[in-house]
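One structure is given here, and the rest of the page talks about it.
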Amino acid sequence: MSERQALLALVPGVKDVHLDKAMRRELALPSPEPVEPLDGGLVRKRPGRLQTRPTIGLWEDDSADMAYGRELLAAAGPTLPVRLGADKIWEQGHSGKGIKMGVFDTGIRGNHSHLRNIKERTNWTLEPTLEDGLGHGSFVAGVIAGIDPECPGLAPDIDMHFFRVFTNDQVSYTSWFLDAFNYAIASSMDIVNLSIGGPDHLDAPFVEKVAEVTSAGIIMISAIGNDGPFYGTLNNPADQADVIGVGGIDFSDRIAPFSSRGLTSWDFPRGVGHFKPDVVAYGKDVRGSHMREGCRSLSGTSVASPVVAGALESAPRASVHPEALDLADCPYMWPYCGQPLYAEAMPTLVNLTILNGAGLVGRLEGSPVYVPTDEPGRALDVQFEASEVLWPWSGYLALYIRVRPDDALLEATAHGEVRLTVVSAPGPGEKEDRRSDIVVPLTVPIIPTPPRKKRILWDQYHSIAYPPAYIPRDDLTTRQDILDWHGDHPYNNFHGMLDHLRERGYYLEILGSPLTCFNASQYGALLIVDSEEEFYKEEIQKLRQDVDLSGLGLIVFADWYDLETMKGVRFYDDNTRSWWEAATGGANVPALNDLLQPFGIGLGGPVLEGTMELPGGESVALQSGTAVMAAPQGAWLYTATTPGVKGKGPGVATAALALLRSGMGTVSVFGDSNCLDSSHQKAACWGLLDGLLAFAGGEPEGLSHADGALGQAHGSLAGLPARNPDYDFKLVSRVLTEPLRCYPNGAAGLPGALPIPGPRPGPEPRKGDGGSETLDSRLRDVAAQANASAEAGEGEASKHYVRQHPSLLPAISTGYSNAALGLAVAGVALLMALILARRRSAKGAVLPPKTRSLGGISGARRRSVTNVAS
């Protein structure tokens, strides 16, 4: 038994894992080989990893990519420690001495002259070496602790422990990380730095081990990824709540183009994810160590990750992030700041991250309360959903914000406060529970409810992304991404569409519940874009009524679906030693056909690539679409000239767009969503979208003309594409496995959704007004009943009781101190010194493994929503 194995055996609860049958993680350096078809297929996955973009780019100084902001990094300019003020921290005697830093990377040369304290090197790969053959680990180590005056690091006296978890060909297994994490726990690391990334946030062994590491009091810092400027590209583990996710900026303090951004996709079933990265640090043109000798300039979020540091709390306590919610603050609160709230809208969901610095495990005492602080603030109805247990070190607090129905004409800015109390177990030597009273100021702009034709509803419920299923990319011509993993959300890869709609005066609301959970009479159009989920039969029946009887405009953007092509995107994954089969095509066309069949419209045929001409001269590209195979008499059809898949075959005119007036409403169906998707669109199709919305709004001019309607039906609903008989769709479908129900973000008053908000609460009674009972005594009664219910296991009852007494919402406790966490872009040396100082000054109190974290809400794994630096 080796020394490491013996040490691991002595640590209770540490799992020693050696199986290689798991997801591989990646450094994701630029691929030296293209992705080529396998056995005639359309994709081939390189061995050992799911490819995203590099988390560090080995871009040298003569790279054209470095022109952005390069003028600010002159050779004679200040070094990184000087820019960040680390030199002033050194003068105070804090240079990282005594802090144990674990670097999970490609290794290091044992006698590297740039490092003062190489305490240990371990190899967890199959290669029999501890050396760095790529330069990635050496560069990261230099940024952290380099002593060369040409490229000094931030914490020169820190104790460096190197965990070699990547081979020289950039391959790593999850199982290697699991073993290395176990050793990091056993050897009592203070901080670990991971410059890795991947889209697999449901890699359960890895995610659970990360929680185990942070639960042990180890701070984990990880690069957010280099998949920018696209949204929805956050890499794991940096997207986890218990990990500090680091994005990159340049030396002009602008977000670096390569830095990943957007919402996580943990909680899209609720309709809104949470924002990352947590912090940004210099990640462009940073000077660090070469793997042999000398210095070099590199860029990437791997470069930013070791540059991160945090600010210090005055005492162990809980706080939230962000510490204030101003939904009018642009660009910080984008996308919220781009659309005021109004009555009768879907709830606006905002998730706060609770940061519990007072203990590893905590809980909320009773239910949070919303307290209006001005008259417009009384127009708001705020409901809550929160983590039952705050672990590790964090949890989520979701706010469902609505405007009361009797304020449909109000135009004002509402102010209020969210108040909550976090309770944790006593620290060492303490007898009383640790209590943290928190106040979050809330500012919400309110406008009169817009007219129906300006209100659009986005269907998020029927979107499925990777993970958990292998959903292939929507654009088959894009080779670098084999997965559809950007989230398919207006706040992520459809953010360009969202901005365009708002510029045109539209208001977009998000539905995270089935189509039975909205009132069609309130919306001009329903957008169903790139849907992969099945539909309940009740949804199909209701939607027909919504169109014909309520005058709804249904707009569908589909994507390719072809069984032979789906076989072509099948690939062998040597990590799991299994074939990965596509759950569906770019969109679930058979399910869409079920939805459209009552209107006589059907989709199908081979993958379409071509161009469609619209009235007015706009050309719309079909990148990987599907054809309109059937349309009824009276519909309008537009054709695209397409040569077929990958340019093969003669050019033919194929129906790609169908418009239909049905009863009091309209139906519009286009065969490709890529022109709305900011990640891979060749050209935006805003003119097409505007035309479809005008058609839905009943405007006479535009895409439909009486003389162009079909005199007879086009095609047939017989022979439309079938579902894949070789894939069990129940593995990924909620529709096929869960009963039909609404969720809190559905229309108010429906079963499962939030209740309809009541009228504004009256003014708070003053002492002596309205009888001898004072407000304070009434508050104490409410508090006593709510706490008694909670202690009796009636948490939901206590929440309901508080909601039924809106006039009693002022916080029961006063004297809030709210010493909230703050994050600064400073040096790792500062972080190391402050962490150690905190631990010593707290006299043994357990401290949080991070300064900020974010998370999501998805089934058993619930997290929270904050914002991104943009």
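Each residue, glycine too, has its Cβ placed from N, Cα and C.
TrEMBL: automatically predicted annotations, no manual curation.
Now, the feature entries from TrEMBL:
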DOMAIN    96-312  domain 'Peptidase S8/S53'
ACT_SITE  Asp105  active site, charge relay system
ACT_SITE  His136  active site, charge relay system
ACT_SITE  Ser302  active site, charge relay system
DOMAIN    322-449  domain 'MBTPS1 third'
DOMAIN    450-698  domain 'MBTPS1 fourth'
REGION    751-774  region 'Disordered'
COMPBIAS  763-774  compositional bias 'Basic and acidic residues'
TRANSMEM  816-837  transmembrane segment
REGION    850-870  region 'Disordered'
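For Asp105 (active site, charge relay system), the number of other Cβ atoms no farther than 10 Å from its own Cβ, over all displayed protein chains, is 28. Cβ-based neighbour count (10 Å, all protein chains) for His136 (active site, charge relay system) stands at 25. Summarised as a single figure, the pLDDT of the domain 'MBTPS1 third' (322-449) averages 93. Here the C-alpha separation of Asp105 (active site, charge relay system) and His136 (active site, charge relay system) works out to 7 Å.
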